[in-house]
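Report on one structure; see the data block that follows.
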Amino acid sequence: MRVLVTGATGLVGSELLKQLQAKGDEVVFLTTAQNKLNAQPNCQGFYWNPQTRQIDPACLAGVEVIIHLAGSSIDGSWSKEGKKMIINSRVEASQTLYQLLSEHPHQVKQIICASAVGIYDTLDDIQTEKEYTPATNFLGKVVQQWEGENRRFENLGIPVAILRIGLVLSRAGGALPHIEQMAKYYLASPLGRGTQYYSWIHLQDLARIFLFVMENQLQGAFNAVAPNPETNKQFTKQVSQAVGRKMLLPAVPAWVLRLVLGEKAMLVTEGQYISCAKLLKLDFTFHFSTLSQALENLYE
């Protein structure tokens, strides 16, 4: 099968390409950097610029599935301009793909889009794809707008699957290397109340979920999180243990984090308990269902 991937050079995209190629799929990808057209081994890259709606129609040749990951990191600045970039990078990318598919002949049978658990309100109660309280904060608004744009592909008669991704665990990027570094110097500690839940997912399992959704031609929303969320306190404690350290410092008050990080502090002081029961009922098998299993793999 020929698969087109956006956001292919990022953390998730790189792992996804590796797994797609391992199972024998042919992969092409879109990149906004012309010097990265050959950045991925055995993959053909095509240039696009969502800000100007520029995209090479040749990228669609023979493509049956699009996996759409593109969007700037939420770890960047949350200034007025930074927020605008976070939203626009997602909206413009989806609009550019929509325009391409509506104006050119294609064989696309499915689009699988990245989303985030940020769509859910920061509650300790279990939330599912259907039963949840929508977040009204900045991230909630970003994800709702993002998903809204991606659901428009259904207007073209293309089934859409949306993966709401939790905290991705990898030593190659994301939050884990930062926590690991703090832990190595005995500086890791609970953040805020420490009882907020982190719904996490091992990078390898996340890529496997994308493949599972593709292979089974699924559509609709799916929570791409492991079955066992952990509280911030337990999460930090287990990472510290994984690097051979103890968690010695008391919790950092939420007001201190807000003073330092501003609104962005919510990324660490708030969390959600997200259920992956929908995937489990479809017989998806996690390789890393507990945090201890994930960390053992990452730090073996």
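The backbone N, Cα and C atoms fix where each Cβ goes, and this holds for glycine too.
Within the model, the domain 'NAD-dependent epimerase/dehydratase' (3-217) shows a mean pLDDT value of 96, rounded to a whole number. Summarising the annotation, TrEMBL assigns domain 'NAD-dependent epimerase/dehydratase' to 3-217.
Annotated domain 'DUF1731' per TrEMBL: 252-298, in sequence order.
Under DSSP, the residues of the domain 'DUF1731' (252-298) split into helix, strand and coil as follows: 29 helix, 3 strand, 15 coil.
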